[in-house]
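Take a look at the structure set out below.
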Amino acid sequence: MTDPGIGPGTAEPQQDQKESAAHHRIPGSEPSGGAPAGSGTAGGGPPGPGAPGDGPLAPAGTRPADAPRPATSAARRTSLLVTLVLGGLTALPPLSMDMYLPALPEVTDALRSPAATVQLTLTACLLGMALGQLVVGPMSDKWGRRRPLLTGMVIYVVATAVCALAPTAELLIGFRLVQGLAGAAGIVIARAVVRDLYDGVAMARFFSTLMLVSGVAPVVAPLIGGQVMRVTDWRGVFVVLTVIGLLLTLVVWRRLDETLPPGRRHAGGLGEALRTMGSLLSDRVFTGYMLSGGFAFAALFAYISASPFVVQDIYGASPQTFSLLFGVNSVGLVLVGQINGKLLIGRVSLDKALAVGLTVITLASAALLLMASGVFGKAGLAPIAAGLFVLMSAMGLAMPNTNAQALMRSRDAAGSASALLGTSTFLLGAVASPLVGIAGERTAVPMAVVQLVCALAAVACFVGLCRPWQRAAD
């Protein structure tokens, strides 16, 4: 967790030293709780006249003469704190989705609503997460990171508390939408903060470290929800989420300083935000990385949606076995993400690591399709589980590197870029999810087909739009 490569005062590969030096000022690393360089006051507000935080960050590789570099131990502690805070922000939306899953049958009975209506509480939250990022991202480029983040967190806490008290399914659906819209602030601003603080190899390394924190959320969330349901009813799940949201809000308020100084903010309104997003989408390379990551995530979402039926109904595994396999696959994703961050990055280019990840995802999807189709005879649970493990683990190479490469194309619009990345990911995942059930629940072929199509689309976007060999030659 305390990766020496992501804190200030540590060595980086030579190729990224000049690019990254100005972005290793971690919020909260200054002595006596002062503001970070270039951020204004400690509370994230505008700096006073003549304040040393006025204006943009110093040019790369420069540092004020009177600004001592923090000690390595302090830098590592700060790096760990930032990792935990940003990891908590990115984990909050998955917790909001997955902790609630064990409660669905009880909600159906308690609110006397059909299952299809109660399922809309999941759809509403997912839709809110997708659309909310498009709103919060540009806001954070205009007003800084702290204010939109704290506003979103406060709304999240209030909406979640109302969900705990909802007397009808319709009210629950409405406030689950608000919960998703507000929770999107954590996802989009966490990525933007990483872009504010890091460049190049350091940014990709931090995304891999961040995955260690946020990647655990989908594993433990259903377990937490199940344990909460043992001592209380479905409303208790939202009470726990309210407490988690409140604690995160307090930590952000007290410990996460502003990372976007006034000199680097966008002054325009909606029109300027739309022009910024249009400019990003017109960048062929940015769009290529965005779509590559989105399609890779769609393959992952196909697995998440179909695996309960595939593993339990088709291959006869018990719920306990399914939970174990799901946990093992998630651990594989996290471990490969750490290998990417601690061993590969700095030794292998980001594009090469990404190419390996997309290739493995494609091969694993093809193998799953062949096994599900019976080409090798009747496949048992073990080979199917092995294929899913390989596919999930390879996401640890694809996801952090697509994020890092895309955000490196958006130096002055990290919030808008992060919004586009998050929205495209959630929308592609939402499209892939229902497709896996087209042929019913008695075959794994639709899941494997969707995964292979998404993997091939990710490779096509990477090769056709990013064209890494051309940029390497330049």
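Note: Cβ is positioned from N, Cα and C throughout, glycine not excepted.
In TrEMBL, annotation is done automatically, which means it is predicted and not curated.
Worth saying up front: this structure is predicted, and the values here are computed from it rather than measured.
Summarising the annotation, TrEMBL assigns compositional bias 'Gly residues' to 35-45.
Annotation comment: TrEMBL describes 54-74 as compositional bias 'Low complexity'.
For 80-469, the entry in TrEMBL reads domain 'Major facilitator superfamily (MFS) profile'.
Positions annotated as transmembrane segment by TrEMBL: 78-96 (among others).
Sequence-distant neighbours of the transmembrane segment (116-136) (same chain, 6+ residues past either end, Cβ-Cβ under 8 Å): 93, 96-97, 100, 104, 107-108, 148, 152, 169, 172-174, 176-185, 187-189, 415, 418-420, 422-423, 426-427, 430. Here TrEMBL flags 116-136 (among others) as transmembrane segment.
Summarising the annotation, TrEMBL assigns transmembrane segment to 148-167 (among others).
Taken from TrEMBL, the feature transmembrane segment applies to 173-194 (among others). Residues of the same chain lying 6 or more positions beyond the ends of the transmembrane segment (173-194) and with a Cβ under 8 Å from any Cβ of it are 27, 82, 86, 88-90, 92-93, 96, 117, 120-122, 124-133, 135-137, 140-141, 145, 148-149, 151-153, 155-156, 159-160, 162-163, 166, 203, 206-207, 210, 248, 256, 259-260, 403, 407, 414-415, 417-419, 421-422.
As annotated by TrEMBL, transmembrane segment applies to 206-224 (among others).
Beyond the transmembrane segment (236-256), the same-chain residues lying 6 or more positions past its ends with a Cβ under 8 Å from any Cβ of the stretch are 27-28, 81-82, 85, 88-89, 92, 95-96, 99-100, 103, 146, 149-150, 153-154, 156-157, 160-161, 163-164, 186, 193, 224-225, 228-229. For 236-256 (among others), the entry in TrEMBL reads transmembrane segment.
The transmembrane segment annotation in TrEMBL covers 285-304 (among others).
The transmembrane segment annotation in TrEMBL covers 324-341 (among others).
Listed by sequence, the residues of this chain that lie at least six past the ends of the transmembrane segment (353-373) yet keep a Cβ under 8 A from its Cβ atoms are 292, 296, 299, 340, 344-345, 379, 383-384, 387-388, 390-391, 393-398, 401-402, 405, 443-445, 447-449, 451-452, 454-456, 458-459, 462, 468. Under the heading transmembrane segment, TrEMBL lists 353-373 (among others).
Positions annotated as transmembrane segment by TrEMBL: 379-398 (among others). If you look at the transmembrane segment (379-398), the same-chain residues 6 or more away from its ends with a CB under 8 A from one of its CBs are 208, 211, 292-293, 296-297, 299-300, 303, 307, 310-311, 315-317, 325, 328-330, 332-340, 344, 353-354, 356-358, 360-361, 364-365, 367-368, 371-372, 444, 451, 458.
Note on the transmembrane segment (419-439): residues 126-127, 129-131, 133-138, 184, 187-188, 191, 277, 280-281, 290-291, 293-295, 297-302, 304-306, 309, 403, 406-407, 445-447, 450, 454 of its chain, located 6 or more positions outside it, place their CB under 8 angstroms from a CB of the stretch. Taken from TrEMBL, the feature transmembrane segment covers 419-439 (among others).
Taken from TrEMBL, the feature transmembrane segment covers 445-466 (among others).
Each residue in the domain 'Major facilitator superfamily (MFS) profile' (80-469) has a pLDDT score, and their mean in this model is 86.
Outside the transmembrane segment (445-466), and at least 6 residues removed from its termini, the chain residues within Cβ reach (under 8 Å) are 284-285, 287-289, 291-296, 298-299, 302-303, 306-307, 310, 351, 354-355, 358-359, 361-362, 365-366, 368-369, 371-373, 391, 398, 405, 428, 432, 435-439. Outside the transmembrane segment (285-304) by six or more residues, the chain places 218, 329, 354, 357-358, 361, 365, 388, 391-392, 395, 398-399, 402-403, 405-406, 409-410, 417, 420-421, 424-425, 427-433, 435-436, 447, 450-451, 454-455, 457-459, 461-462, 464-467, 471 with a CB less than 8 A from a CB of the stretch.
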